[in-house]
Amino acid sequence: MICKKKFLSPIINLFHSIIINCKGMYITLRYMFKPKVTLNYPLEKGPLSTRFRGEHALRKYKNGEERCIACKLCEAICPAQAITIEAQERDDGSRRTVRYDIDMTKCIYCGFCQEACPVDAIVEGPNFEYATETREELMYNKSKLLHNGQVWEEAIDFRIKKNSQFY
């Protein structure tokens, strides 16, 4: 006598595998007609948050004068101790920076330096593409930071105005 379970088992397995394959094809077809989620990165870039923290920059006033007043609050508040500032007093009694260095290999992009600055001199801009070939290129000096400020001034100014309630 042939056991019914042994006879029906391959038939049940066949129907079960057909159902599983149909479910998989249904899911695949459903996603084929939805808009793509993946971006082709170098050619397409997704939107950044207005509070995104990217490459650092030093800003200038519209008349060309540097904003940094050498108060050294950013250097004091930096938890990674990545900022080094040397100041010099001017003839009119005000102070300005002679040396402003940021070691980007130490920086943790916390944004404390930006929050501590009373004149919005140091900011973290919208640039996230700054890969380098050597570590020395990640040691930003004052001229590199001022250059970043000039390049990204419009975007930085827009972000600060848009997020003024958060600063």
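A Cβ is built for glycine as well, from the same backbone N, Cα and C atoms used for every other residue.
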In Swiss-Prot, the [4Fe-4S] cluster 1 site includes C68, C71, C74. Which of C22, C117 does it also list there? C117
Return the single residue from the binding-site residues list (C71, C74, C78, C107, C113) that has the minimum number of other CB atoms within 10 Å. C71
Could you name the residues, excluding C68, C71, C74, C117, of the same chain that surround the [4Fe-4S] cluster 1 site, i.e. Cβ within 8 Å of the Cβ centre of those residues, in sequence order? I69, A70, K72, L73, E75, I85, C113, A116, P118, V119, A121, I122
Select the closest residue to C107 ([4Fe-4S] cluster 2 binding site) from the following binding-site residues, measuring between CA atoms: C71, C74, C117. C74
